[in-house]
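Sequence annotations record features per position, and here TrEMBL assigns Zn(2+) binding site to Cys18, Cys21, Cys37, Cys40. If you look up TrEMBL, you'll see 18-40 marked as zinc finger.
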Amino acid sequence: MEEIIFKNVESAFMKVRCKKCKNEQIVFSRPSSDVKCLVCSELLVKATGGKGEVLGEIIETYS
Ligand SMILES: [Zn+2]
């Protein structure tokens, strides 16, 4: 069971860490398609049509 808290829902970009390989990458918070880890292809953000569902670990958000 995971709980993901968005500190700033207005943030357009965020830094997310891949739970599998620990790679960190900047992702858009409302992606139009699924965002995968550039290193291991693990799904980081799932496209929902609105705010993406973040499956990785959010390190930082940018407004
Ligand atoms: Zn990865």
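Placement of Cβ uses the backbone N, Cα and C atoms for every residue, glycine included.
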Using a 10 Å radius around each Cβ and counting other Cβ atoms from all shown chains, which of the binding-site residues Cys18, Cys21 yields the largest count? Cys18
For each of the binding-site residues (Cys37, Cys40), count the other CB atoms lying within 10 A of its CB, then report the residue with the highest count. Cys37
The zinc finger (18-40): mean pLDDT? 97
What is the three-state DSSP composition of the zinc finger (18-40), stated as helix, strand and coil residue counts? 0 helix, 7 strand, 16 coil
Near the Zn(2+) site, what residues other than Cys18, Cys21, Cys37, Cys40 in the same chain have a C-beta no further than 8 Å from the centroid of the listed C-beta atoms? Lys19, Lys20, Lys22, Asn23, Leu38, Val39, Ser41, Glu42, Leu44
